[in-house]
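Per TrEMBL, these features apply:
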REGION    29-49  region 'Disordered'
COMPBIAS  29-41  compositional bias 'Low complexity'
REGION    334-407  region 'Disordered'
COMPBIAS  393-404  compositional bias 'Basic and acidic residues'
TRANSMEM  505-525  transmembrane segment
TRANSMEM  537-557  transmembrane segment
TRANSMEM  577-605  transmembrane segment
TRANSMEM  617-635  transmembrane segment
TRANSMEM  677-697  transmembrane segment
TRANSMEM  709-727  transmembrane segment
TRANSMEM  739-756  transmembrane segment
TRANSMEM  768-786  transmembrane segment
Amino acid sequence: MMCSVQRRSCLLLSTTRRYSAWIAAKKQSKAGGSQAQQQQQRAEPTDVGRLFSDERVQGLLHKLTGVSVDKTFANKRISQAERPHYALMSVQEIERTREAMTKDALERLQMVPFVEPRDSRPEILSDDKEIAGFDKNKFVFTDITFDVTNRERTVVVREPDGVLRTATPEERDRMNRVYFERPYSPPFPPGVFSDSALTEALNSDKHEFVLDWACWYYEPDNPEFVNVARTVYDHADKFKKYDLLWATRHYGGLVFYLVLNRRIDGVLEHYAEQKKASEAADLIRLYRTAFTDWRKAIKTGDSDVQIIQDYVEQYCSPQSKLYSFLQGIAPELALGSQRSPQGPRKTPPSSRKPRKMTKNLSLVRRSNNRVKPTKAAKSPTPEYDQPSTSSEDAERRRRQEAADTGKLYFESSHKDDDWAPTTATIFKILVSIRMSAGIWSTISDCDEVYNYWEPLHLLLYGGGFQTWEYSPLYAIRSYLYVWLHLFPAFPFQALLPHTKVTTFFFLRCSIGFFNALADLYLYLAICRRLGKGVGRLYAVFTTFGTGMFIASCAFLPSSFSMTLNTVALAAYLDRKWFISVLATAASALVGWPFAAVLGLPVVVEMLLLKRHLAAKFVLYAGACGIALVALLVAVDSHYYGKTVLAPLNIVLYNVFSEHGPNLYGVEPASFYVKNLLLNWNVAVALAVLGLPASAFVYRSKRPANWDRFLPVLLPFLSGALWVAIFFSQPHKEERFLSPMYPLISLFAALGLDAVYRYGNWKLRKLEAMWNGLVLGTLALFVIVSLSRSAALHKNYHAPIDAYMALSEKLTKDANESGVRLPSSIRVCVGKEWYRYPSSFFLPHALGNSKVRLDFIKSEFAGLLPKRFENAPLPQATRLVPTEMNDMNREEVGRYVPVNSCDYLIDLETPDSTLLEPNFADKPTEWRSIHKEKFLLAQHSHPLYRAFLFPGLSQQHCRFGWYHVFERIKPPVTTSKI
């Protein structure tokens, strides 16, 4: 007779249990039971969840479960029949299809975790006697916030007697089903889980159906799920219906449940009837792993026969039915039976004394029937080798599948029960932060303006500045990269052609939006491959890092490569090889050629570690490379007027030219170190710690192999190679670090997660301390990062504000009646030429007036940009400009006289020279019409200028005025005739 669900509730829902709810209670005498019973109960495992998650236990359960493609994909009743698909296949295609089906079947066989039921005793929140008797019904209050998980959702109940308490598990689950309905999940349990219906279903051999529905309807830690599962397992064991659950996701749970309750004799008899010696030995190995009260330990070299012999010797007598069944598996056991006609004493295993080996038994152990373990046949558990060599290939494939479907610290994905924010939550946060960066971050590199914003302005509005890199003589910049940004910019420009500033910010936000999508993809890939704990930490680092605040919205090839390398890394973790290869190729060819270094993981894994993928890699890389090179050559040849491959030209210039980029500044390695510390603070140290710390924790879990650690090792090596290359180059710029920013976030998350896991593992009593350490580290990172980002905006945003004010002033004058504008309005800039935010901040045309920017002479003695020729496209880009060189040699033809300027943009500083005078001191010539505060770095404290300290930074930093000057025209004098 099956156990009643109600009769077990008092045991399963106990808040303080001495033994696991999965283990049946032992009947004891009034005196407390015999000494043997008490000793046996002390040996019962109490941490069932941890035992079930043990890698050795999981490996044995997976082997015992088996794989049956026919059973896994058997026809099932569905709402609508699917149309069959027929295909003509070759032998190789059939094999590949079978392998794919086997892989799919393995994924469907992920076992339901064994966890203890939740505490059902509610917590009393308050007892308000003044409202007692207000109503006869209970009031249930439920937090229906969409992003809150069902487990963390707040549900409280107001009793009629005025008591306010937390909800019981049954009430909580019912409210979740009411407000967040799922198909086939009514608020109240279906009738199949009642005692009578459950008995009828099991008598009809619907064990798998009942367990599948229970898994869908209940959580694994729901007390009712434990009741139903135990009832099904007891019925299957009582009536020997093991085959009903074999090769299903529930067979491992059945075997584990029977092992916990020391009831494996029925399963052993079942294996004996089917002549499955290997399975019987594995079941005994599992039993030995759960219980340590054996007088003999299983050694590495023990064969299946020897393990079965030890079990029979300890637990069975020759007269027992099990002994007869086991003789069918190992006939050699008959030799050992001659020595003891009465069999071993039926005393508890812990009280038996070891006996000497008889002569006949020693012959069995030396016989040729004993299978010798081979080095190639490794068990998924480190405790012993598998003696059978017939399943070597299957075992190897299983281990490979485990590496592909498991996670960093978990052999199977379902073991990762950590909390992680939902996709919608991360998407909202990332998009919000990236949009804020698009609006509030500054332009920190003049290359972004003159090499990318200005050519884009040319393509959109027909004018802009040209650098020597875009001269057809050198052609080291690709128009394809600029041309790609026409897609988000052109529709907006077509709708609002006179709002260039709005187009500018819209495009920056679009760049940030695509970067947010890439970060979201990587976050999901990390959760799937490395663990939810690593994923949520990565989300914090990549969202709030100042490096991402600067680079995520920058119109630079390095930022473009950063986004695409994020996609490539995510696809690599997801084993989507084509996407990874395509993103890496586009990052290197369309974006920045040197970013190909970060494609090392997919190259090494496909070419060296998984050589069966080498042909695919060659095919994918060849196809992507040919397609992208053809597109590059077509676009650039069109604009340059000759056959051009820009990525090749930039590599030749930077690597093989005599002067190369060193003309534009040489910095020590400390330049990069300082920038990393400013933009990533504690994340830098955590990223350096990421590989060794995660490797140490991974090794501490005694994995069968290091396959699951490759997604950590290979990206780290690519990042280390990047650091080695760029730290050794004399010419250094902050933007060169951008492509490795996702790796910094990833390895900072790995490092912090590893420290937390190791601390909780070794010092469980200090769990609160380790939680505080993680939260404190994250809080420090977020606060310092926000302080740095706020300081960058507050200290250096003045140029954008000044040019926006000038644009608004000119537009306002043009719209006012009675104000006559000259045919040409000249805006000049001297020493502040490199902070020019682009031609998007100057009105393109004001009626019959045209606005243009020109340079006046300053202390700068290098090569300044020159305007594109006034010609239609593509002629404007094909003409070779005069007064251009690649030696950064000054061309004096760039300058105009200061007295020819109508407006002047300049920063007022205490350090004035003859070429850089203080124009604010010339009130008779220039009038300031707008000014913004701008940090004077050389006159400010390094710490207080780098970070924003409210109330303190203002005291320790010095600011100058960023002016928009208007020239004061001399009055017109008239003479009387």
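Every residue gets a Cβ built from N, Cα and C, even glycine.
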Are there residues at least 6 beyond the ends of the transmembrane segment (739-756) whose Cβ is under 8 Å from a Cβ of it, and what are they?
519, 522, 526, 530-531, 533-535, 537-538, 540-542, 545, 547-548, 551, 558, 561-562, 565-566, 569, 587, 592, 595, 598, 676, 680, 682-691, 693-694, 696-697, 712, 715-716, 718-719, 722-723, 770-771, 773-774, 777-778
Are the transmembrane segment (768-786) and the transmembrane segment (617-635) close enough to be called in contact, which here means at least 3 C-beta pairs under 8 A that are separated by 6 or more residues?
no
Contact between the transmembrane segment (537-557) and the transmembrane segment (677-697) is defined here as three or more C-beta pairs under 8 Å separated by at least 6 residues; is that satisfied?
yes
Same chain, outside the transmembrane segment (537-557) by at least 6, Cβ under 8 Å from its Cβ: which residues?
421, 426, 429-430, 433-434, 437-438, 441, 443-445, 447-448, 452-453, 456, 481, 485, 507-509, 511-512, 515-516, 519, 522-523, 526, 563, 591-592, 676, 678-680, 683, 734-735, 737-738, 741-742, 744-746, 748-749, 752-753, 778, 781-782, 785-786, 788-789, 792
